[in-house]
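Lifted from TrEMBL, the feature list:
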- A:27, A:28, A:29, A:30, A:31, A:32, A:33, A:34: ATP binding site (BINDING)
- A:6-279: domain 'UvrD-like helicase ATP-binding' (DOMAIN)
- A:280-573: domain 'UvrD-like helicase C-terminal' (DOMAIN)
DNA sequence: CCCGTCGTTATTTTT
DNA sequence: TAACGACGGG
């Protein structure tokens, strides 16, 4: 392990060894960012004598947090004691310990977006769920931007005067219930740190080192959290890539990273620009497009892997042809050049686009998997099961209560349920809001049928409770007559019991029979997942928190070889040997309502997609697309026109009016581009202009080509070099093929695709 | 209680 | 277009 620093390149090593002033590491795609962070954690513990418990490393995904912890521990096992968590998991950890200061019980349950919408619906009677969802979205954004209901800036999120009141009401209800939403996991800790200096002091003393990964995705509230934890004694290091900030619509604030050097004085900046993932032509395309963004710190990726295949841009008539083109491309490639299905990923902007690909791949028996569409925890049966568990943890959870109190039907109508909730809200302070207690009190008033049903429900919950307050295996003695589900260890036995006894299992088993669904097996899967947790109060709370905060499903069936269908957003952090980015049309990607900052974000999204590719990149665009039952003729994506023509190989019919990017050598040479009308628009052409125009050459400056030289190309057949010019990217070769195709390519990007068949004398 | 039909409604989604 | 939820007839 003494050599763990020697595997780093100079910039990486500099980033690892850096200490003192705040540090911003601008880590380009594929530049070994994770290696740097993990090595840095280990280095701090090992060489700088930093107590691992004083290190706080925050990420955005559980996957990233896990990977970071694992890899740091591989270098130094003491790193296990560092606090490596997601922002939200850190917030939950903080609130369980300090929430009491603002009247939050430690047994809170974390509401997901769906629960939030349900709660809002109950606050806003006579509104549709869609409307409630919109308000919920706005409240979530407000929290992301650290705005309270009385903040004047709230109008920037939702200008309607009643929004403020609804938000306030929502906060009151959430507080009465004793639960929190995702936004609270960040916002409330900040409020506590601000209101209680002694708490702030404690945390500032504890965390001497703060590392933040994917900093470009942080929101305003998260920035505020960092500010509260930060002192001049703290070593703060953030890592990110402004070009990969793609979650603005969820409150991510790219300015956090852009303005980091302004917010923390004397910031050092280290750029990691060596890319170990993609070949040069792929990075050239990525760079050419993202360079059109104004709001960026700027960096240029260097391809450590060197040259490779030129990316291909394909013009297609419609989405069916697009799907069959992709399928054929994959099949042909596998046949002629080998490789596996899992080398391939088909990327699209919106989930709806996956359908055509699925149909086509299915038809051709090409194995595929759709990433991200599995919404396991949003399924009705799973939400039912979680609601039962939530009530056990927090008997004030009215959303969970309403969900399962009359499911399956126990003869409890809307009126009775409202009465129970109403009574609970007026109870003595000690049991205020406690719905189970309220149920007990109301029993005498009910009809026989309703009373029996409710008594049965309470008995089941009481029995479940007895299973977790006592030690260990008592659970297995309490099994129910039926055996739809199989109980495993620990908490799974409790879940199986409560699902069977409550009738939820039966309810969904019936549903399975009718609709041929897999609900029971989903419930079984949930129970299985719980077997890792002890059947104790803490185990149950931990299980629920884990589920709320980590919804990525690690399904065990990842081993089979298949093509990946995935939205561009979902590809972040992933890589594939061969990537096809589809639907590159104006209106789809980018959506045509996007302007300014939103357009720049779409461009970053395109950049993310392109930089996923290791070896081969294909871009497809359709003239006609049917969406939502409407056919529309779309222009090729703006981003395609930002790619210099000589950076790509083009297949299919180029629509008239399509122009390639302005910054390549080709566009700089007026003789190649008639009017060169873009030049005037683009001020950045200035520096290049001085190199132009240049006299036509007969021999390229690198000596590889001369006019008249013969060459061969896989797709275009035989041809001749007709023009040679020198651009800022080196010699630019223009060739005329027998098929009539005229192609321009940069000499330095010539691959095996442009084969010289007559050796020049140079 | 079950099934068919109509109407609605469609970005992206780490937590 | 197509998928899903709400509602009403049998």
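Just so it is clear, glycine is given a Cβ too, placed from its N, Cα and C backbone atoms.
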So if I draw a 10 Å sphere around the Cβ of residue A:27 (ATP binding site), how many other Cβ atoms end up inside it?
29
Please identify, from the binding-site residues A:28, A:30, A:31, A:32, A:34, the residue with the sparsest Cβ neighbourhood, meaning fewest other Cβ atoms within 10 angstroms.
A:34
Cβ-Cβ neighbours of residue A:29 (ATP binding site) (radius 10 Å):
23
Around the ATP site formed by A:27, A:28, A:29, A:30, A:31, A:32, A:33, A:34, list the extra residues of the same chain whose Cβ is within 8 Å of the site's Cβ centroid.
A:36, A:241, A:272, A:275, A:276
Looking only at the domain 'UvrD-like helicase C-terminal' (A:280-573), what is the mean pLDDT?
86
Sort residue A:30 (ATP binding site) into helix, strand or coil using the DSSP assignment.
coil
